Amino acid sequence: MVDGGTVGEGTPDGADAVNAAADGGRTAGAGAGGGFIELDRVEKVFAVRRRTGLLRSERREVRAVDALSFTVARGEMVGYIGPNGAGKSTTVKMLTGILTPSGGRLRVAGIDPARERTRLAQRIGVVFGQRTTLWWDLPLIDSYRLMHRMYRIPRARYRENLDRCVELLELGDLLDVPVRQLSLGQRMRGDIAAALLHDPEVLYLDEPTIGLDVVSKARVREFLRDLNAERGTTVLLTTHDLQDIEQVCSRVMVIDHGRLVYDGPLAGLHEAGGSERVLVVDLERELPPIEAPPARVVRVEGPRQWLAFPAAQSAAPLVARIAAEHPLVDLSVREPDIEAVIARMYAATAPVTPP
Amino acid sequence: MELGPAGSGGREPGRLREGLRVYRLVAGAWIRSTMAYRASFVMTAFGNFASTALDFVAILLMFTRVDGLAGWSLPDVAFLYGLSATSFGLADLAVGSVEGLGRRVRDGTLDLLFLRPAPVLAQLAADRFALRRLGRITQGLLVLGWALAAVDVAWTPLKVLLMPVMVVSGGVIFGAVFVGGSAFQFAAQDASEVQNAFTYGGVTLLQYPPTVFARELVRGVTFVLPLAFVDWVPASYVLGRPLPLDLPAWTAFLPPLVAAVCCALAGLAWRAGVRSYRSTGS
């Protein structure tokens with residue numbers, strides 16, 4: 001393992017400002033309890049070989065995670081977002097002990113995941129939206145029985161947790177169905193239950209609502225909120241769905257190019273990213289562009305007009321004003337695209353500070 | 001088993017026990033699931049039996065044209081065949097699933113095994129535990145049984161003792177080849193074909209007398225990849241034939257030692273593979 005001293009070399013000045021920003025978020029969120037998950041200048045460098053000729057290949061280093069520092073307190077619910085290839089999965093893989101960091105210091109519940117993977121496994125739960133941790137060809141209940149014995153969960157505890165999950169996640173009718181025959185939403189609920197049977201102190205979820213219908217998404221989110229409220233389980237959620245964060249997480253961390261570019265509440269993210277929501281209004285007839293500052297019309301198509309307004313601002317007064325002054329037929333609000341917010345945030349040269 | 005901390009030597013026995021415990025758990029779940037569809041199990045096991053039996057049919061057909069193969073009679077060759085098929089069948093049943101490593105690396109499902117509090121090798125070996133592979137073992141044992149009745153051997157207690165030792169050591173040697181070959185798939189995920197050349201290729205090779213093959217090949221299979229100790233060397237001793245490469249008679253009792261060395265090397269290769277995977281995540 002590389003020690004902390006060599007890691008800092010070659011880090012551009014901007015990184016310190018970003019880390020300072022991260023520290024600000026940490027003290028706000030962690031309270032007095034200290035960090036349950038602690039990353040100190042963690043980095044992961046991959047050597048990528050690319051074939052350039054029949055026998056020749058070119059070796060290139062890719063810095064997937066670069067001097068990443070953050071702390072998550074016990075019981076926090078944190079959203080971890082960023083564009084594809086930003087380093088989210090790499091971070092989660094290091095947190096769970098799959099990958100060994102190239103440098104820096106990383107602790108989860110005081111354990112170094114790379115060195116004590118199996119001891120850590122007893123204390124964490126992991127759910128991957130795209131892959132199942134269940135045994136594909138076995139009935140759901142068989143996977144749970146295997147977990148029960150593999151994790152050495154005391155019988156009473158196992159029964160209690162299983163019964164609770166079966167009830168809350170509505171798995172009763174699915175227990176005897178082979179996992180491969182479950183729908184995506186059913187499988188996801190089955191996976192979440194499997195990750196919780198051994199009472200993990202922290203739950204990592206990677207895209208837990210991807211591909212789910214609205215009802216299933218709502219059910220998963222509600223379950224996570226309850227879990228956190230009742231058991232105090234720490235939750236780290238990576239997602240592309242801003243609503244997951246909005247409805248579940250009190251804190252959001254944005255990573256891009258392997259670095260933390262934002263750490264703080266979600267509302268601050270919109271402010272920091274200068275993002276806008278769009279109000280789409282259908283009027284009775286074609287009219288000149290509506291004037292309602294700070295909203296501005298960005299597009300007009302017949303009787304339909306698109307108005308952009310700051311995402312941090314409530315839509316209610318704007319809607320009330322337009323409804324009062326114009327013949328309104330219908331309206332809808334479009335949430336800002338998280339990718340766009342992050343792209344804008346990354347493009348901004350100045351380091352971002354949370355409010 | 002995969003790598004623990006550098007100073008984990010003292011925990012090895014515990015890890016081995018834990019590995020075996022998890023192996024039994026996972027394999028048990030697969031056996032129960034297989035047994036839920038008995039008819040299907042019987043059919044696939046029979047299919048496994050029949051398809052592997054074709055190898056022996058080929059040998060039988062050959063012997064309708066010739067009386068001996070490089071000086072070996074049909075019962076002698078059947079003896080080799082039975083030993084090789086049974087040993088390989090045991091290894092395939094126990095750890096054959098590790099072959100799927102390359103696919104798991106490619107589709108990312110290998111990562112899931114790292115999330116559980118159990119050695120990855122044990123989980124992987126027990127995954128999709130295929131009881132139908134008993135078909136090959138049954139077939140090998142039947143041929144071996146017939147060969148034992150038909151060969152002309154002056155049995156001594158030592159030779160009788162050597163029989164089970166050969167089968168078990170042979171199984172362990174093949175198992176080590178499976179694991180070592182799979183470890184190579186960490187580096188090259190599409191190397192399973194190369195691995196097949198040594199496992200399936202090896203079992204076919206060992207079904208024919210060593211005298212059929214070029215001396216260089218026999219040398220390689222004895223000293224480099226010591227498959228010769230599965231049957232060629234000890235079986236030649238039992239049959240009272242000269243040992244391949246004029247090896248001394250005592251080498252017929254080496255299979256357990258060779259098996260242990262193979263296991264150690266396969267274990268090291270596996271550790272190196274896991275270490276490189278966890279640092280590159282390829």
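Placed from the backbone N, Cα and C atoms, the Cβ positions cover glycine too.
Database features, via TrEMBL:
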TRANSMEM  B:41-63  transmembrane segment
TRANSMEM  B:78-98  transmembrane segment
TRANSMEM  B:137-155  transmembrane segment
TRANSMEM  B:161-184  transmembrane segment
TRANSMEM  B:217-235  transmembrane segment
TRANSMEM  B:247-270  transmembrane segment
Legend entry - Interface-richest range of B:78-98, B:137-155, B:161-184, B:217-235 toward the transmembrane segment (B:247-270), CB pairs under 8 Å: B:161-184
Legend entry - Contact ranking winner - B:41-63, B:78-98, B:161-184 against the transmembrane segment (B:137-155), Cβ under 8 Å: B:78-98
Inset, instruction - Determine which residues of the chain contact the transmembrane segment (B:161-184) at the Cβ level, with the cut-off under 8 Å and only residues 6 or more beyond its ends counted. - result: 83-84, 86-88, 90-92, 94-96, 98-99, 101-102, 121, 124-125, 191-192, 194-195, 198-199, 202-203, 225-227, 229-231, 234-235, 237-238, 252-253, 255-256, 258-260, 262-263, 265-267, 269-270, 272-273
Inset, instruction - Give residue numbers and ranges for long-range contacts of the transmembrane segment (B:217-235): same chain, 6 or more residues beyond its ends, CB-CB under 8 A. - result: 79-80, 83-84, 87, 162, 165-166, 169-170, 173-174, 177, 198, 202, 205-206, 209-210, 243-245, 247, 251-255, 258-259, 262
Legend entry - Long-range environment of the transmembrane segment (B:41-63) - Cβ separation under 8 angstroms, sequence gap at least 6: 34-35, 69, 74, 77-78, 81, 85, 89, 131-136, 138-140, 143, 204, 207
